[in-house]
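First the structure, in the form of structure tokens, and then the observations on it.
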Amino acid sequence: MFTEQHNQQFLVVPGSQGLIPNTTQTEEAVKVKSQNETKKGKSKIPRKPKESLLKQKSPAEFFAENKNIAGFDNPGKSLYTTVRELVENSLDSAESISELPVVEITIEEIGKSKFNSMIGLVDRERVDAQLYDDYETAKAREKRLAKEARAQEMQAKNAALGKKVKEQSSTKGMKGRGEASFYRVTCKDNGKGMPHDDIPNMFGRVLSGTKYGLKQTRGKFGLGAKMALIWSKMSTGLPIEISSSMKAQSYISFCRLDIDIHRNIPHIHLHEKRNNDDWWHGAEIQVVIEGNWTTYRSKILHYMRQMAVITPYAQFLFRFISDAPDKNVTIQFARRTDVMPPFLQHEFVNIGKSLAERLIGELGPEFSPKMVVKSLSDQQIVRINQLFRQAKFDDPTGDCLSPAGEYNLHLGIIKELHPDMVATYSGSAQVFEGHPFIVEAGVSVGGKDVKQGLNIFRFANRIPLLFEQGADVVTRTALKRINWGSYKINQTQDRIGVFVKIATAVKSAIQQCCIQLKSKIMKKMQAREQQERKRNLSRYIPDATNAVYDVLKHMSQSHASKRKRYSETLKEKLAEHVEKVDYEMAMEYATQSGVTEEPREDIFIQTLDPENKFIEFQSPIFVFRLVC
């Protein structure tokens, strides 16, 4: 007999005075009941499918986890990369509408208290000082002070011995791991601007942009500005602010947004239209990120200077603002020319009508010139690809490329480095695996702020390359494969600047520049040798004059009054003879060395007033304008 009491089964045993729990039968009953329920459930409730092991990540999530791919390895490099991406986007935007770029870049240092107020956090004083990473014990402080005292004593001894003394850096407190530096980066330009409705997706959706085309631009994948926003989201949590207006647009689009990293969609805080009373066009982007100005200051300034070299038609204004006045920096890179590289694009180059008909005939009878591209089958597309790989085509003209141009490269080097001599070279378009490229190079000797020895300046797609220089083919070619001595250039003592854009066929491009420099160096050497010969010959004029005068002394005794006149006339004749001999020797030397008598130097004229109307004829090395 079973009874149920408090959800437990008991067994009535004869002769006992109470109820004894029957655990064995209870467990069996529970098992039977569960099995019965399971069997009944099979026919009614379908079995749940197993969860898939496949996981998907959004593009934003992928790049957030692999920041180093986009150049956001650490706070210092992230600050540099943010500046670089914003500047290059501004240049592309202005060049797309044939507007001479005017770019203003500002980096503002934000203190800890100001940053806390921006994110709504109240500062609190430390209660337990030993809890923090930058806590310094009494023993550690004593050791540090002793080390500083020894360093000061050593400096005093070196100063007493007349040795060069390095300035002792000011003592800095230990910086904890959680104590970061924050900066507001602002970039403003006069470019094309952005449509009002497209702004959220242009900044808040990774791998979406306007540069997926045939035309060569500095950026390609629409990643740079988005990575700055992702880094801002991860390091500060603050949104990005964008102001933009297109030409002849009566309003300014303002948008404040951040990004949903997991879903790769923009999270809009504010998106509105504001009055554009000044009819300004362009874009202004403001983002707050964690960074390190101290360690990457030289890299950022070096980048801005190299960008001014490769784009002399642009005007840059760079500012660094800090609460400490001695850290403030303001540098303006002025425009030197108004000639911009052409932007052309074509689907096919050097394929005329006759060649196209021959190609279609070679494809087979199932192809015809009137076929619609969408009607092609997969097999037909493969056939076209196979023929294009095997057929012989002329080298491309390079019209789809946008090189800096020899003229602009020459001007940029002169504007920023002020060298004693400079030579530039721009090769013809070449092709590698179906991709056209153009090699541009420049070599300068002497100049301002140029270190002794080789100074390598590398560019790709008109973008300065500042990292991993030692492993680059340009550096290795300039150091090991160029015999600088054969071009009368001292590799160790002269201040040499080497500028190369697109690192292919580097050696021949640098050699072409060196050949140009050699003729200029030979002219200078010829002028120095001519002056030296003149000084050597002129040194003996007084002795020769006195010797001849002594010989003729007896002949002039009867004409004592003419003695002085004879001496002066003799000096004049000898000086004329030295000039004549020196000129004849110089002409003979120039004839033998192949140097022309009259030097031919490049002439660079000032830009015209933009209001003037003119017809412009361009070549790789000069621009001719006919004023109407």
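Think of each number as a place in line: the chain as shown, counted from 1.
Just so it is clear, glycine is given a Cβ too, placed from its N, Cα and C backbone atoms.
The ATP binding site feature in TrEMBL is assigned to Asn89, Asp189, Thr210, Lys211, Gly219, Lys220, Phe221, Gly222, Leu223, Gly224, Ala225, Lys226.
Per TrEMBL, the feature compositional bias 'Basic and acidic residues' maps to 28-40.
Mapped onto DSSP classes, the domain 'DNA topoisomerase VI subunit B transducer' (396-504) shows 25 helix, 36 strand, 48 coil. Residues or ranges marked as domain 'DNA topoisomerase VI subunit B transducer' in TrEMBL: 396-504.
Sequence annotations record features per position, and here TrEMBL assigns region 'Disordered' to 21-51.
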Residues with Cβ closer than 8 Å to the Cβ of Ala225 (ATP binding site), same chain and 6+ apart in sequence? Glu85, Leu86, Asn89, Met202, Phe203, Ile285
Within 10 angstroms of the C-beta of Asn89 (ATP binding site), what count of other C-beta atoms is obtained when all protein chains are considered? 24
